[in-house]
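What follows is a single structure, written as structure tokens, with notes after it.
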Amino acid sequence: MNLDFDFAAEQPKLVQLLLGVVAFCAVVALLLLLLGGAPAQPRSRPLAATLLLRLLGPAPTRARVRLLLPLSRLLGRVPVRQRAWPQAAVLLAPALVLLGIGLVVPAVRTTVLSFMNGDGTAWVGLDNYAWMFTQPEAVTVLRNTLIWVLLVPVLVTAVGLLYAVVVDRTRFESIAKSLVFLPMAISFVGAGIIWKFVYAYRPEGSDQIGLLNQLVVAFGGTPQQWLLEPPLNTLFLIVVMVWIQAGFATVVLSAAIKGIPAEIIEAARLDGASPLQMFFRVTLPSIRSAVVVVLVTQSIGTLKLFDIVRTMTGGQFDTSVIANEMYNQAFRYGETGKGAALAVFLFVLVTPIIVYQIRQRREAAR
Amino acid sequence: MTTVPSTVTAVRPAAGSAAGRVRKRLTNRTASAVAIVIAVLWTTPTFGLFLSSLRPEDQIKSTGWWTFFSDPQLTLENYQEVLFGTSSSSGQMASFLVNSLVITIPSVLFPLAFAAFAAYALAWVSFRGRNWVYIGIFALQVVPLQMSLVPLLSFFSEGVSVFGTQILPAWELEGPARFAQVWFAHTCFALPLGVFLLHNFMSELPGELMEAARVDGATHGMIFRRLVLPLVAPALATFGIFQFLWVWNDLLVGLIFAGGTADSAPMTVRLAQMAGTRGNEWQRLTAGAFVSVVIPLIVFLSMQRYFVRGLLAGGVKG
Amino acid sequence: MSLLSRPARTALIAGSLSLALAATGCGSSDPEPAAGGDSGASAECAPFARFGKHEGKKVSIYSPIRDKEADLFQETWAPFEKCTGMKITYEGTGEFEAQIQVRTDGGNPPDLAFFPQPGLLERFAKAGKLKPAPAEVKKLTDQNWSADWAKYGTVDGTFYAAPLGASVKSFVWYSPKMFAEKGWAVPATWDELMTLSNTIAGTGIKPWCAGIESGDATGWPATDWIEDILLRELSPEEYDDWVTHKLPFNDPKVVAAVDKVGAILKNDKFVNGGYGPVKSIASTAFQEGGVPITEGKCALHRQASFYANFWPEGTTVAKDGDVFAFYLPGNDPAKKPVLGAGEFVAAFADRPEVQAVQAYLATGDYANARMKLGTYVSANKGVDVANAQNEIDRLSIQMLQDPNTVFRFDGSDLMPAAVGAGTFWKGMTDWINGKDTKTVLDYIEASWPKS
């Protein structure tokens, strides 16, 4: 076995890493410097501010913040109009520049391409959109995407929430969470292999190599080809997605549950709430925003999903979804226009979520 | 549950007794049964993969992994091939492991910082059009990554020119400097989700606290650094972990911007190559999947205390 | 040919034995003394002298060929690199079709790419991305390959790409041991094949096994089946018409040919040996499609020459071994059209060093050197059959080199990708999964790009 490992060859990479980290520190320091130069407020009470921040210490804890809140209220507030623009600009500049280059320009380009033909040489008007809604497979693809986006966020949140609640503050919590988190650490390719194994089919009478069919046989059933029968096969693919993403939900929701103020729980307990009441009346409302975060990120992630479908069925057997079709058209078939039209349709599908977000912002502002 | 009494006493008295009661109510038999069922369901497939990765190639293809229990046959051959298999085209796994680290660390740091800055501005600096900037960034989440590959690649390799005038030159990066492209790409793609997540947590920090600090003359820089950052540390850790996992497991971005050679390609690219030209060597992927899982798992386990510490935000708000 | 291949071999051995010598002799920064210099190095580098000196130059190659086969490529051209002084960076990927498009559109194409689909090559040539092949490469191609092969690298009268490797698809794998035991004979006509299938079915074994699952390329082995039969049912010229869509996809002749395949693949008595009913074909990985032959659960498996790599470890591939293959017979034993596939070397750059690599890859020397390292098939006429690593390779090369062979390229690789790598695959998968022939062919016909 050849174990030699050429450190000299790796050195330039590590130097590059170092450069990257140094650049990172420099950028962050520069931004903070720019911010520090412009005080948020005329220094009316510098002493009080210093005191407050010193009391808070380098790592504020909940207890200390709670303690300081009345104090800071005592110190009073002076409503002063300030010019926030320069500071906002400094804070937002890196993100906006990167987003502009990396996502806004591509989004605009995609929209333009969706009105052009396959190799982007001629305008074709709405032909690509017409193609999208008239091809017989479109209905299937849209139906599948709908099933995915309705089921995945709900299932992921439900499993994550349930699990986060039942393992909360148990002795094995850390291990339990790691177990559910494990699938998140496995790449989509790895997950594809795992689940191909689970769904594998061998004829009746011979050794099964797929776990699911082995179980079916053990209970006296006949082995099935799980991924071949629409529309059930879409559900089997959804299981894979839920399996991967439940860890995300568990981690986020568990953190939120731990943030529920003790007073609320105490009060509910004194009122004699049953565990179920406690969950629906206390826990759920208290972590509403975390649940929304999970639902929203999962919805968007599901809309964009294509790895699972691509590695497991390649979109065959009526399992294709919009993102998979888009990738095929734009890159494999060289039909950039059609792929772009599908991508634009994805933008459109997310509008309800955006509208919901706008509403939320309005309510919060009130 | 025998663990009930010990954990009750283990938590802090103030927040602990109440939370402990909730747990006590919920942690009855059904609850632990549910927990065990979910844990088993979630672990079994991975366990199956793990056992498979230790079985000889022909066995993987002909019998189920559970036959191991009746006929234990193990081999480290798959791991040997993945870790030490030399290939003139790609060198050894160690080299790709280094690449993955060099790619991942800055690709986590940059989005973390930029998203935190942006989220703070959107949550606590009041300026006109704030809502629209936020909604805009939020909406960008839906731009499919695949659609950004071509424009971003041409940004690197051809620069920016408008009507024939070169505005920005091409990057022309050689050797290890190419990593910068990958960092740039990953940072772009991570920002919308990062801003959304962090903004969500930051906006829940108590307004009085911010206002008090501001009134007392603290600059935004000070507030951000000394007040906000420590308070949203769990959220930062959460987003950091997910970004880490995403970058670590990413194949597409690595393939396009880092290329496929040992000079700069991450482990995922190497693993995909190892499947063989006709995808016939996939038994190595079982071992490869495990090799690549080790580091994310270590990161997760060492960061876990940040999650467990809980999100202060909700607690303070009440 | 053997005269030419000798020095190449010496170069290989010498190259690996005396790195230092080669470095001082061939890798010298000044080309003049090396060319006429000391005897050891110049003998080694003599075969490469005509490709010139490209000291310190770099050429990048992008290809769908990965892993072990990729290593063998690099091993093959190592002496060439050393003697010309250039560095070839090779990158194999499983996402070739999509990534080559992204890289090209993004303004970052490789110098050379190995295209496995002439259809894809055509798309890039028509988009003006490819450089026409230099005269030297054209000359070598005319000399080393049949006109059929040269045609696949030609778009609108301009020659772009020389062929590289090849595979022969018209094979039926079987177990010579099993055939000898049961007294079965290798069939010479389609009717004999069907009679044999019935005989085997009578013994309780399902005669055929197949698998078409291949991730996002699921369905391609079924399209190979169809193409093979179409080539036998129609004339080669009509096959060409079908590929270029002059003959509609749902033409009655095509329907008849597909149904002829269906008589085997959709017949529960004949398939799927070792795996179950017809539908199991769709969920069986193509790599595992023929494996039941080694377990005695199946007798016949139609798959390309490269299936030799997929047999379980320890299986001997030989005429008297565990497995071997015979030519998939047609109606007329006198006509033996061959279906095959291969890669083509197309250039995105026309720098001298890139053209030198192109020329080198088109030589017989290259193909012979590659064959000596491991299993490899090329339609290059300069290939010495004696270098073949196994009997199937030898048989394939003989078929490809035979001037009387009517060769046709895998049709799905020639069609527009939307059909050839899209609806054709998907359609045949649906067909296996239960849809009837007419519906499937109408669907594929409707999907053919309009322009």
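Keep in mind that glycine also has a Cβ here, set from the backbone N, Cα and C atoms.
Features as listed in TrEMBL:
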- A:14-35: transmembrane segment (TRANSMEM)
- A:88-108: transmembrane segment (TRANSMEM)
- A:142-359: domain 'ABC transmembrane type-1' (DOMAIN)
- A:146-167: transmembrane segment (TRANSMEM)
- A:179-198: transmembrane segment (TRANSMEM)
- A:235-257: transmembrane segment (TRANSMEM)
- A:278-300: transmembrane segment (TRANSMEM)
- A:340-358: transmembrane segment (TRANSMEM)
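Where the transmembrane segment (A:179-198) meets the stretches A:88-108, A:146-167, A:235-257, A:340-358, the count of C-beta pairs under 8 angstroms peaks at A:235-257. Proximity of distant same-chain residues to the transmembrane segment (A:278-300), defined by a Cβ-Cβ separation under 8 Å and at least 6 residues beyond the stretch ends, is recorded for 149, 152-154, 156-157, 160-161, 165, 245, 248-249, 252-253, 255-257, 259-261, 264-265, 268-269, 350, 353, 357, 360. Listed as Cβ neighbours of the transmembrane segment (A:235-257) (distance under 8 Å, sequence separation of 6 or more from its ends, same chain) are residues 147-148, 151-152, 155-157, 159-161, 163-165, 167-168, 177, 180-184, 186, 188, 191-192, 195, 199, 226-227, 283, 286-287, 289-291, 293-294, 297-298, 301-302, 305, 308-309, 312-313, 319. Residues 27, 31, 34-35, 347 of the same chain lie 6+ residues outside the transmembrane segment (A:88-108) yet bring a C-beta within less than 8 angstroms of a C-beta in it.
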